[in-house]
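What TrEMBL annotates here:
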{"type": "DOMAIN", "residues": "A:7-145", "note": "domain 'CcmH/CycL/Ccl2/NrfF N-terminal'"}
{"type": "SIGNAL", "residues": "A:1-18", "note": "signal peptide"}
{"type": "TRANSMEM", "residues": "A:102-123", "note": "transmembrane segment"}
Amino acid sequence: MRLVAFAFLMLLPVMAFAVEPDEMLQDPVLEQRAREISRELRCVVCQNQDIDSSNAGVARDLRILVRERLVAGDSDKEVIAYIHARYGDYVLMRPPLNRATLALWMAPFVFALVSLLVGWTVISRSRRRAAATGFSDDEKAEIARFIEENASKDGS
Amino acid sequence: MGRLLAFIPLAIAAVFGGFFLWGLNPDRDPNNIPSVLISQPAPEFDLAAVSGLETPGLSRADLVGNPGPVIVNVFASWCVPCRAEHGVLTQMVERDGLTLFGINYKDKPEDATKWLAELGNPYERIGSDLSGRVGIEWGLSGVPETFIVGSDGTVLFRYVGPVVGDTAISTFREALIQAGAFPRGQNG
C-alpha cells in the first residue's frame, strides 16, 4: 500500500500538465497530435513558454482552438498556419527561415567558418615561426665549433 | 594577417557591447510583440450585443465605410487597467468627437452592464466576445488592447496595454493623427 502511494507521489509531477482534463480530446491520436502542435506554439503572454505548459488564459484558448481545428480535419501544418496567420512569426517556437531571420539561421555556420579560419591561421603561423627558428647547416657547424672551443678552454 | 588577428577580441567585444547597449535601452520593451494585423484588413467577425445593454453589437461590416478612422477597444470589467483607460477613451469621444467601438472580452454581460453604468458608456457599438475567439482573430495577447481602423477597414495601429499616462496618450494621439482622425488645422 505504501509502495503504491510512493509510486503515485513520484508520478505526480509528471502528471501535472497545464492542459486541463476538460480540454483533452477523446481520440488519443488526435490528442497526441494536439500536444505536439501545442509544443510548437509560443504563449503570447508568458513568453518563452509554449502553450502546452502555460496556464495563461490565451494559451488555454489557443489549445482549445488547436483541438477544434484538428477535429475539423486540419493537418498539423494547417493548424499551425492558422495560428501563425493571426499571431505572426512570434508565435512559432522554431523561427521560420525568411529574410528577417536569415542572420539568425546563418550565424552558426558563419561563426564556425570564422573560427576555423582563425584557428588555421594561428596554427600555420606558429608552424612557420618554428621553421624560422631552426638553424641552417652553417650555423649549426658554427655552434658546434664554439662549444668545442669553450670546452677545450675549460679543460686546460 | 597577425595584426588583423589581434583586433578580433576587440571586434567581438564591440559586437557584444553593442548588443548589451541595445538591451539596456530603457525605451525597448521586450513585451512589445509586433502585430501581423497592421496594414491588413481587419479580421472577419460578427459579435452580438452584450445582453441587457442597449448598445448594438459589432461586426467587421461596422468597421468599413466610416467617415474617418475608428477606435476599437478590447475591454473587460474584470480588467483593472481598463478602468483607468476608460476616462481617456471617454474624453476622446466627448472632446474629440471620435468614434469608439468596443469588444467586451470574456466578460459576464451583467458585470459589463454594471461596469458601464458606473463609469459611463462612450462606446457606439459593443460586441460581446464571451469565448475569446474573436480576440484570437485580432491576435490579442491580453486586455486592454486598442486598435485604430481606417475607414476602408484596414487596421492601422495597435496599442497593447492601457492608453494611460502622457507617453501612451501622446503615442496614441500621434497614431490617430497619422490615421487622419483629425481634420487639417485642428490639432488634437
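Cβ from N, Cα, C; glycine included.
Curation does not apply to TrEMBL; its annotations are automatic.
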Residues from the same chain, set at least six apart from the ends of the transmembrane segment (A:102-123), whose C-beta lies under 8 A from its own: 95
Counting by DSSP secondary structure, give me helix, strand and coil numbers for the domain 'CcmH/CycL/Ccl2/NrfF N-terminal' (A:7-145). 97 helix, 4 strand, 38 coil
